[in-house]
Amino acid sequence: MLSVGVNGYGTIGKRVADAVVAQPDMELVGVAKTRPNYEAGRAVKNGYPLYAAIEERAEKFDAADIDLAGLVEELVEEADVMVDATPSGIGAENKSLYEEHDTPALYQGGEDADLVDTSFNARANFADAAGADHVRVVSCNTTGLSRLVAPLEEEYGIEKVRATLVRRGGDPAQTDRGPINDILPNPRTIPSHHGPDVQTIFPDLAIDTLGLKVPATLMHTHSINVSLNGDATADEVRELLESQSRTFVIPEHLDIDGAGKLKEFALDAGRPRGDLWENCIWGESISVEGDDLYLFQAIHQESDVVPENVDAIRAVAETADADESIETTNDALGMGL
Ligand code: NAD
C-alpha cells in the first residue's frame, strides 16, 4: 500500500484525497490545512487524519473543537508521496519541506514548470515521472488539451494546434472572482501562456492558444482547430476519441447544450460533487475541413486533474506502468459516462 498525504485541502486537494481513498493500492495517511473552515470539519468527519499546515495556527483548530493529528511535518514524514494542492506559488515554498523529509511530491498546475523534474499527463508522458522527486500535474486546461493532442499526434501527426479557451471566471466557491458582467480577453496578449504549458508535455508541438474569461463558474469551453498531417474523416476522429478512456464524446441524443446540462448529467449519474473527470467533447462539433479538425470541448476545471494526480502518485512510486495505473484509477473512480 502506498501511503499518501495531501497538503492543501481545497478544491483540488479534497477531491484528490477522496480519489486516493478509493484506490485499492493506496492509503490516505492524512491531509493538512491552514484553517479550521468547513472543509477541515468535513475531513475529520470523513475520518481523514487532519494536520495543521502552519504551526502557529494550530490553536485555531482547538478553538473550533476540531481534532488535529499533528503538524504537517509529521504527515510528510509518514507519507510515501505527498500531493501538494496549495494555492499557486505556495507549492514552491513547500518544496524544501518535502526535500527535508526525502518525500517525493506532486505539485499542481499553478506552479512554474521549472520547479519540478517533469510536468505530467498520464496519457501523454507517464513514464517521464518514473522515480522523480518533484512532478507537476499540469493545469485543468493543459490536461484537457494534452488528452486531445496525444491520440491525434499518434494517429495522424499534428501540423499545428490553435485553441481558444473560454475560461470560467472562478470556481463556484470563489466568491471573490469575476467578471460578473463582462467578457474579458484574458490574457490580452496573444498567444496566451496555455500553449507553452502544453509544450511542457509535448515539447515539439506547434500550438497557439488564446484566452478569454466569462461570467461562468461551471466549466471551461475550448474551441479547437487541429491541422492534421494525415488524412482523416470526422467519423474516424470521433471513433478515435470515443476509444480513449478520458475523453467523453457527448452523444447527440443526450441533448446536452452546455456546461449546465453536463453538470446536471454528472449529478444524475451520481458523480461525487457532480465532477466530470473526462474531457467532454460535443459529438456534432467534430468536423474535418480539408486537413483541419474542429471541435468544441468542455473541461471541468475542478476535477479533470484528479485522476491525473492519482496516476502521478503511482508513476513517482514506480508501482505501475501507464496502462495499469490508468485502468486502476478509472475503475476505482467509476470513470465512463
Ligand atoms: P483552493 O484555494 O481551492 O485550495 C487550496 C487550499 O490550500 C486551501 O484550502 C488553502 O486554505 C490551503 N492553503 C493555503 N496555504 C497553505 C499552506 N501554506 N499549506 C497548506 N495549505 C494551504 O485552490 P485550488 O483551486 O484547489 O488550487 C490548488 C492548485 O491547483 C493551484 O496550483 C491551482 O492552480 C491548481 N489547479 C486549480 C484548478 C481549479 O480550477 N480550481 C484546476 C487545476 C489546477
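Placement of Cβ uses the backbone N, Cα and C atoms for every residue, glycine included.
Note that the coordinates shown come from a computational prediction; the quantities given were computed from them, not determined experimentally.
TrEMBL lists THR11, ILE12, ARG168, GLN301 as NAD(+)-binding residues, and of the candidates GLY70, GLY110, GLY131 the one it assigns to that same site is GLY110. Proximity of the recorded positions THR11, ILE12, SER139, CYS140, ARG168, GLN301 to ligand 1, judged by a Cβ distance under 6 angstroms to any of its atoms, singles out THR11, ILE12, SER139, CYS140, GLN301 in sequence order. Taking a C-beta cut-off of under 8 angstroms and a sequence separation of 6 or more, CYS140 (active site, nucleophile) has the following same-chain neighbours: GLY109, HIS220, ILE299, HIS300, GLN301, GLU302, ASP304, VAL305. Listed in sequence order, the residues of the same chain lying 6 or more apart from GLY110 (NAD(+) binding site) and placing their CB within less than 8 Å of its CB are PRO87, SER88, GLY89, GLY91, SER139. Counting other Cβ atoms within 10 Å of each Cβ, the binding-site residues THR11, SER139, ASN141, GLN301 show the lowest value at THR11. Across the residues the record lists as binding NAD(+) (THR11, ILE12, GLY110, ARG168, GLN301), the two Cα atoms farthest apart are 16 Å from each other. Residue pair HIS194 (D-glyceraldehyde 3-phosphate binding site) / ILE12 (NAD(+) binding site) shows a Cα separation of 19 Å.
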